[in-house]
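Accompanying notes for the structure given below.
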Amino acid sequence: MAKIGLVLEGGGMRGAYTAGCLAWLIENGYEFDVTIGISSGALYGSMFVLGKKETLHLASTTKAADWRNSGLGAVIFERQVVGYNYMFETIIKDLDYPLEDISKINGEFYAGVYDLELQETVWKNKYEIDAKAQYIKAACTLPVMGRAVKINGKKYMDGGITTMIPVSQSIEHGCDYHLVVSTKSADYVRKPQKGITYKAMNILYRKYPELNRSFQNRTNKYYEERAQIDALIDEGKAINLFPSQEMGVGRFGGTLEQYNALYALAYKDCESRRDAIDTLYQQAKNRMNPLLNS
C-alpha cells in the first residue's frame with residue numbers, strides 16, 4: 001500500500017487547534033506512516049503518536065493558559081518572553097507524556113529543530129527524541145522569544161525558521177498522500193518580516209547570517225509551501241485542515257476559554273470533513289506502492 005503522512009504546522013498557542021484535530025484522529029483510530037511536526041506541531045505530534053488524547057487537551061488549554069507560560073509571568077520567572085522552561089517541566093511532571101516510549105511507536109516521527117552551528121533545520125527521529133523532551137523544547141523555542149536549547153554541546157531552536165508547513169519532508173520520506181493540519185484560517189495573510197523582531201534578530205543573532213537570511217525569507221517560504229500543498233490537494237493527494245473561524249487566539253496569547261473553543265472547533269471541523277479524511281486515508285491504505293510492482 002502507499003504511505004500517508006501527517007504534517008503539522010506550528011503556531012504557538014494556536015496549536016490548540018492542532019491538538020484538537022489530533023485528539024479527533026486518535027478517537028477515530030487513524031494512524032499514519034509518517035508524522036512530521038514543526039514548532040508546536042512537534043510537541044503535539046509527539047503526544048499524538050503516543051496516543052495521549054487527554055494530554056493533548058490539557059497541554060493545549062489548561063497548561064497553555066497558565067500566566068507563567070508567556071508575557072509578564074515568563075519574564076519574571078525566566079527572563080524571556082515565553083516560559084519554555086515552565087511549559088516543559090510541568091508537561092513532563094504533571095501530564096501523561098512518556099517520551100521514553102516514542103521509539104517503540106508504529107511508523108515514523110520527525111521533529112524539526114534549527115541547528116545554530118550548521119545554520120539549517122535538521123530532523124530528529126523517534127530514536128533521537130530524549131525522554132526529557134529537550135529536542136521537543138528546542139523545536140518550540142523561537143528566536144528572540146526564548147534562549148537556544150543546548151543538547152550534547154550544540155544549540156538548537158525552532159525549525160520554523162526555515163520551514164513552516166513541512167509537507168516536503170513528508171514527500172521526502174516516501175509519502176504519497178498527506179493530511180496537513182494548519183493553525184491559520186484560509187484568509188490568513190503572512191506579512192514580511194520587519195519591525196522590532198527583525199531588528200532584534202539582527203542584533204542577537206548577528207553571528208548567524210544564514211539564520212537571519214532564512215528568517216527574513218519566511219514569508220516567501222510560507223507561500224511556497226502553501227502553493228505546494230494546494231497543488232497536492234488539486235491532485236487528490238492531500239487534505240488541509242485549518243480553523244473554519246477565528247477564536248481570538250494569537251501565537252503567544254489567549255484565554256482558557258479561547259483555547260478550549262479553538263480545541264472544540266478542531267473537533268467540529270474534523271467531523272465536518274470526516275468523509276474526505278476517510279477517503280484520503282483509504283486511498284492510501286488500498287493503493288499498492290508502484291515501486292513494489294516495478
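From the backbone N, Cα and C atoms, a Cβ is placed for every residue, glycine too.
In TrEMBL, annotation is done automatically, which means it is predicted and not curated.
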Motif 'GXGXXG' per TrEMBL - which of 10-15, 52-57, 214-219:
10-15
For the feature motif 'GXSXG' as recorded in TrEMBL, pick the matching range from 37-41, 172-176, 282-286.
37-41
Return only the integer: C-alpha distance in Å from Ser39 (active site, nucleophile) to Asp158 (active site, proton acceptor).
6
Summary of DSSP states over the motif 'GXGXXG' (10-15), given as helix, strand and coil counts:
4 helix, 0 strand, 2 coil
Does Asp158 (active site, proton acceptor) have same-chain partners at least 6 apart in sequence with Cβ under 8 Å from its own Cβ, and which are they?
Gly10, Ile38, Ser39, Val113, Tyr114, Ala138, Ala139, Cys140, Thr141, Leu142, Pro143
